[in-house]
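The [4Fe-4S] cluster binding site annotation in Swiss-Prot covers CYS273, CYS276, CYS308, GLU315 and is backed by sequence analysis.
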Amino acid sequence: MSSYRPYQSIERRKSRQIHVGKVPVGGDAPISVQTMTNTLTTDAEATIAQIRRAELAGVDIVRVSCPDEESTAALAEIVREVNVPIVADIHFHYKRAIEAAQAGAACLRINPGNIGSAERVREVVKAAREHGCSIRIGVNAGSLEKHLLEKYGEPNPDALVESALEHAKILQDHDFHEFKISVKASDVFLAVAAYQQLAEVCDHPLHIGITEAGSKRAGTVKSSIGLGNLLWAGVGDTMRVSLSADPEEEVLVGWDILKSLGLRHRGVKIISCPSCARQGFNVIQTVQTLEERLAHIQTPLTLSIIGCVVNGPGEALMTDIGVTGGGSGRHMVYAAGRQDHTVPADSMIEHIVELVEKKAEILRAEEAAAKAEAEAALAPAQ
């Protein structure tokens, strides 16, 4: 990623590209955001509704647990009714993997080592190949193989990486290369070290995450430290923020991490002050309201909400639209970094929403025009 501010540049690790349904993973593809449903998969209606909420939040890929035959039986309806590729989460039962592939799963999350015999692994790979499924090798510090625990004494980076490479070799021995790898741990130090080590010894796309990260607040902090560290170093091709919360919350946090590092852009990025006695309006309440009112906008743009003139004008220089608290019940509105007009306090929120929606519409039109112009330039001459 290039920038005229070199301190903002992140050079991503070069990796092979695979596909999870229509979503490319690895190579120069955008870093995709994932989540996992926490409904009973057999309750297809509830699972579909949850996935649709995650879609509205911006999810790219959704994982669904398939612990039994009834779950894989429900998978076909789920796949049919949603707009994002579905990863079937499989453990131990190789037949569930085959059934999930037949039901339309775009990817199978397995550990080849716990599927069973070489013949069973061969059957799973055959089903994946026939149905266009990729595979995710999911190594976890909490379920490492016995021989690795005996060798290393405890889950450590070497053990996680060795497990991942052993499983990768199983797939490669079957001439199957459409796979990605994860080496997750709940300990941030362990997870980051394992991913860094794995990134140095292979070019497979990496699914990054801090597993069992915790509650919404604690898990967000933990994941931001771990995933932010990896992404800043260029490691990671797809990601999931694991929270004990609704799946759409995981998606929103994932997007915020990517937006903070300039790796992807979606929706309105609000820059706001923590507020103090100098604030000309209630900053905290205003930001909360605007986040809700502007959640439907997907066009990337920036909005600064600053309570006073100490930092307000400076922040507005770097945003598409800005508001700075003033006196006498009126506040200054900035457009493209310049003072533009004032707005009465009692109509400020409605006014900002209107400005942002209009700006988003202009940006969408400009993007569409640029795309049409580029396509016309590539079209053969008549």
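Each residue's number is its place along the chain shown, starting with 1.
From the backbone N, Cα and C atoms, a Cβ is placed for every residue, glycine too.
Look at the binding-site residues CYS273, CYS276, CYS308 and count other Cβ atoms within 10 Å of each Cβ; CYS276 has the fewest. Counting every protein chain shown, the Cβ of GLU315 ([4Fe-4S] cluster binding site) has 21 other Cβ atoms within 10 Å. Take the mean position of the Cβ atoms of CYS273, CYS276, CYS308, GLU315, the recorded [4Fe-4S] cluster site; other residues of that chain with a Cβ within 8 Å of it are PRO274, SER275, ARG278, GLN279, VAL283, ILE306, GLY307, VAL310, ASN311, GLY312, GLY325. Classification of CYS308 ([4Fe-4S] cluster binding site) by DSSP places it in coil, neither helical nor stranded.
In the three-state DSSP scheme, CYS273 ([4Fe-4S] cluster binding site) is classed as coil.
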